Amino acid sequence: MAVKVLVVDDSGFFRRRVTEILSSDPNIVVVGTATNGKEAIEQALALKPDVITMDYEMPMMDGITAVRHIMQRIPTPVLMFSSLTHEGARVTLDALDAGAVDFLPKNFEDISRNPQKVKQLLCEKINSISRSNRRSSGIGSASAASPAPAAPAPSTLSSRAPAPSAAAPARAVPSRTVAPAAAPAAHAHHTPAHPTTTGTAKRKAYKLVAIGTSTGGPVALQRVLTQLPANFPAPLVLIQHMPAAFTKAFAERLDKLCKISVKEAEDGDVLRPGLALLAPGGKQMMVDSRGTVKILPGDERLNYKPCVDITFGSAAKSYGDKVLSVVLTGMGADGREGARLLKQVGSTVWAQDEASCVIYGMPMAIVKAELADAIYSLDDIGRHLVEACL
């Protein structure tokens, strides 16, 4: 069945171009367009699209306000278009706070110069988002800044029942330590193929926690990091697929919400306990055995800048078995090869479970490759990090 898309933008040119690009994919049908947030709400209610593309700056009602109304009245995955500026980054993070799933830079130059690349990226996003699991969670909300409850109530964006306790049937165990060989079969059916044990991975003197993520990552990272205490004993490195103009604003926002310190990484930064360094967009981040960070130019041959595999690989080389790595929600398979290197030197690899992912791509790649030592629900990862490291 084709993915139904509603295109919302006050620019006639942009509406037409997005419609043309999406209509070229046989799996996508544009069911309607809107010129402002008010029309977007009306069209969403009438057409019930699978995905909505949304501009921010529009007359009558802006995109963020429209997203909030849509999430309250007819929850639908929203892909935001945003400008590549610091203000655009702030607005985009606000949109994710309101409930949007993901974003793309609104770059008219790219549409003209690289139409095939734009088509591939946009259509891939739409198709993936249409299959996504939605969770209500806000960046910057007061509730999100507090540790998540052990068994959260279902939200307006999720029909999932509350996670059962460890005593409940195994089919819905939200957090489990998995024998690597059993992981793929267990996760695919939500029922372990072999007996598994609930609880936290074996405690080890970790020298580094490395977390990689993509689509859905800004919200997921906030969920995890806000549960860590100020005295968290290990340094952290964060790799989030994000444009260069966005990572500084995102790091600043996380720093305000978290008890630990968070900053955009700079070349020569020193790793220290209770500090999370976010890889800068458009570049690559590596760590060395002296406990310092190296920031390198983004390699055009690589799809991702920053790339989880690059950072994980350097961590494996520099810290051996003293790395605890976590792969969160995201499209694609970035992180799999880096996790493979980490496993080869004896480090620990965790993956987010399918039910709590916005896009079950990167964690699925870890699980299918039999690299996951444990699979945890998003709400449980922060707690398990504390238990494993403190």
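Residue positions begin at 1 at the first shown residue.
Even glycines carry a Cβ here, placed using N, Cα and C.
Marked as domain 'Response regulatory' by Swiss-Prot: 4-121. Marked as 4-aspartylphosphate by Swiss-Prot on the basis of sequence analysis: Asp55. Under the heading compositional bias 'Low complexity', Swiss-Prot lists 132-186. Residues annotated as region 'Disordered' in Swiss-Prot: 132-201. Marked as domain 'CheB-type methylesterase' by Swiss-Prot on the basis of sequence analysis: 195-387. The active site annotation in Swiss-Prot covers Ser214, His241, Asp334, and the record cites sequence analysis as its basis.
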Helix, strand and coil totals (DSSP H, G, I; E, B; other) for the domain 'Response regulatory' (4-121): 60 helix, 25 strand, 33 coil
Chain-internal residues, separated by at least six, CB under 8 A from Asp334 (active site): Gly212, Ser214, His241, Asn303, Tyr304, Cys307, Val308, Asp309, Met362
PLDDT averaged over the residues of the domain 'Response regulatory' (4-121): 92
